[in-house]
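Chemist: Quick one: structure below, then a few questions.
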Amino acid sequence: MAYVTMKGMLETGVHFGHQTRRWNPKMGTYIFGARNGIHIIDLQQTVKLFRTAHDKVVDTVARGGKVIFIGTKRQAQEAVQTEAGRAGQYYVTNRWMGGTLTNFQTIRKSIDRLKKLEVMFEDGTVNRYQKKEVLRLRREMDKLNLVLGGIKDMENLPQLAFIIDPNREDIAVKECRRLGIPIVAVTDTNCDPDLIDYVIPGNDDAIRAIKLFVGHIADACLEGEAMRKETKAENAEEAMKQAAEAEAEAAAPAAEESAE
């Protein structure tokens, strides 16, 4: 189990919220107190709520679902891209394009264009064009890859979203809620927890805190994937066993007739 620990959260500053004047009163239940004008998050609740969120991620992936990691703020970009990639999940780190989920069929056209350009550069087709046109196509490909690179293999909508800073990713939150996609989010003291299905109260600005959460959620995805493969193997083995038994039962009458 890849649960976060109290020690790990204290070391990475997960307990530091925003200035008290910038708080969202709805987060009051997750706040331990204040120190020097900064809200302090109740890490005992964070430990408990992270376990719930972690288990949701494991269950989702174990059932064959996919998770989309969303973190476009500078502090989150590297961790989100690295860890989501390690876990084989989707991610968005540059800019959330409106309609990424709610208008996915249109977004797919841009993804198809990106894949077509990548093939052109890989197989040398692009060399048929003049240098100026090649440069234009390269810029187009790089621009599309920057925004869509993390979801270019997404054939269907994800079954779960993991978000760093739901305030910043408000459009993504709205799209998920509209489509009924559950949201797991690192939710700081200035956020609205009512919009989140699985709240993880914590610092969503400190790089080390973000890395801690993103890494553990990626581990949860890998744990779920291992469970999925194990279940698949067990089901295949059981199917083969049942087929062998059925074949033996079918052959039994013929064997009896032959003996007679």
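Glycine is no exception: its Cβ is also placed from the backbone N, Cα and C atoms.
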Chemist: Out of 129-161, 162-194, 228-260, let me know the one Swiss-Prot marks region 'Disordered'.
Modeler: 228-260
Chemist: Please spell out the DSSP helix, strand and coil residue counts for the compositional bias 'Basic and acidic residues' (228-240).
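Modeler: Computed counts for the compositional bias 'Basic and acidic residues' (228-240) are 13 helix, 0 strand, 0 coil.
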